[in-house]
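Just below is one structure, and these are the notes that go with it.
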């Protein structure tokens, strides 16, 4: 039935054909729909009868009309009969095919007239009845709100006002350009709902259109996707909001705790000040009492001496008035002795008096304490420490790091972090990656020695100063361990070689005493060799060999399994740089490659990178690269030396030179 109904549907109104016209192209069209097409082609004040042609909406064939116009076209009576029978066979009810569009229009008008439409803009409760619905705004207004929102001036004069419509979505089903037409397609170009007339004869006829179902599915899918994202984002925001609220609560609790702590600490300071005030005040009172008591005693003594002296002075003055010589002589001697005794005794009775002890030297100076009180503030994280690279020391497996801090008194502890440095580009990434660092916590001093490091390796160090308020880290400092130190092994030396100078020098010595045979000793007549006393199986190592006049020697490395009766480099288990008078070669597995070092090569540097499989030789004094063996080392290797004349001296345990301590760029 649905397939049959689609065949009986008008391409313009999308309803069952009513009074169908049979077009010359064999398609059918409602009479009223054909008339609307002609009306849409008319210019202003132009009669419909003046239009003599139009296009079939189905096949776009041009239909030419006679003088009779649409009446000149035949009625499709057969099709009308089929439609009538189809309507009778269908189930009657709302929206059924048997229900004509006039009946549905009547029912819609009845429903519209019966249903009350309220103003959607009113602030009143309840809202007033709407008098108009603005199709442009898609809002129904009462008279008062309409006047307030749609004054008689542009752009509001262009708004389309219609009678109030109960449901706002109904107005979206009607075409804005053709008021009596329902929208049944979507203009993709203008992103707008349109009717069939808009596509046939309107401004959308050359636009890209799509079926409503297609656009519906696409927009619905897009809306669902956006809605999912919005819901997800909203959930994230709700989680964030909960965390923000929790953070606010923590701020409130912590602030209250800190305020209470501040009051408690200030009360303690005030209590200490009051205690010190009482103690110092007591000292002042005691000092005052002691001084006043001493001064009172001195005053009493002075008064007593003055009283005694006054009586004696009176008697002496009375005696001096005596004119009778005999009487004067009788009393003068006694008085003179008493005056002399009183003068002498006054010096004894009157103690030494310090008139400067007026308590003015008792000074109070709280300027330092005042400055400290003025600086009272909440605790902040300590300043970043500074690594003192010039004070740091290293061995082949340890590094001692020294640092300083501007505010040591506020630091509770230090934390030392370190990791292997693999290139300048990785410093930032390493600083941001906590997993890459070895950490030594709870250091109380300004230095620390790290043990168990790889020899000949550069490390990055950072020091973190910590207190209750937080922590701050120093700038990264780069320090490196020295190479593995070693000496020559006398037990491995050929019997015609002499090892001396603390086993650091080897020289040809025909007069050497007979040495006992050992498995590790070089024995061949031409292989005058000696090995180092270490076997290296990891890390980077650098040592130098001083050429002391020798013109025939070989310097290199060998596996423990290398034959002791062959020259180094003559087998697959050894690698060597050799000089035979004026011929310079590098040799491995009996293959020789000539090289051209400086004419007077005095010191050879050897850089072994075991993990990356390289053995490099350098002119150590001139920092010139000579040659590099690239080899995957499978066993521990031992430094090995051969000398046929004069002597060689080794210098080991050196740090790798800076110009070599990077990714090598070989010529």
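From the backbone N, Cα and C atoms, a Cβ is placed for every residue, glycine too.
Positions annotated as phosphoserine by Swiss-Prot, on the basis of similarity to another entry: 92, 96, 511. Annotated Zn(2+) 2 binding site per Swiss-Prot: 134, 137, 150, 159, in sequence order. Here Swiss-Prot flags 175, 178, 198, 204 as Zn(2+) 3 binding site. Swiss-Prot lists 381-484 with the feature domain 'Fibronectin type-III', giving sequence analysis as the kind of evidence. According to Swiss-Prot, the compositional bias 'Polar residues' annotation covers 471-485.
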### Task
Select the most exposed residue of 150, 159, 178, 204, where exposure means the fewest other Cβ atoms within 10 Å, treating these as the binding-site residues.
159
#### Entry: Tertiary contacts of the compositional bias 'Polar residues' (471-485) (same chain, 6+ residues out, Cβ under 8 Å)
381-387, 389, 392, 394-399, 401, 403, 415, 417, 421, 427, 431, 453-465, 534, 536, 539-543, 652-656, 661
### Message
Treating G and I as helix alongside H, and B as strand alongside E, what does DSSP give for the compositional bias 'Polar residues' (471-485) in helix, strand and coil?
### Response
0 helix, 7 strand, 8 coil
### residue 511 (phosphoserine) as reference: those binding-site residues from 134, 137, 150, 178, 198, 204 with C-alpha within 10 Å of it
none
## Note on the structure
residue 198 (Zn(2+) 3 binding site), Cβ-centred 10 Å count of other Cβ atoms over all protein chains shown, is 26
### Query
Is residue 159 (Zn(2+) 2 binding site) helix, strand or coil when read with DSSP?
coil
### Task
List the Cα distance (Å, whole number) between residue 175 (Zn(2+) 3 binding site) and residue 159 (Zn(2+) 2 binding site).
14
### Task
Would you mind pulling the DSSP three-state label for residue 150 (Zn(2+) 2 binding site)?
coil
### Beyond the site residues 175, 178, 198, 204: chain residues whose C-beta lies within 8 Å of the centroid, for Zn(2+) 3
176, 177, 181, 183, 194, 195, 196, 197, 199, 202
### Task
For residue 137 (Zn(2+) 2 binding site), identify the closest of the binding-site residues 178, 198, 204, judging by Cα separation.
178
### Query
If you take the centroid of the Cβ atoms of 134, 137, 150, 159, the listed Zn(2+) 2 site, which other residues of that chain have their Cβ within 8 Å of it?
132, 135, 136, 139, 141, 146, 149, 156, 160, 161
### Message
Among the binding-site residues 134, 137, 175, which residue has the fewest other Cβ atoms within 10 Å of its own Cβ?
### Response
137
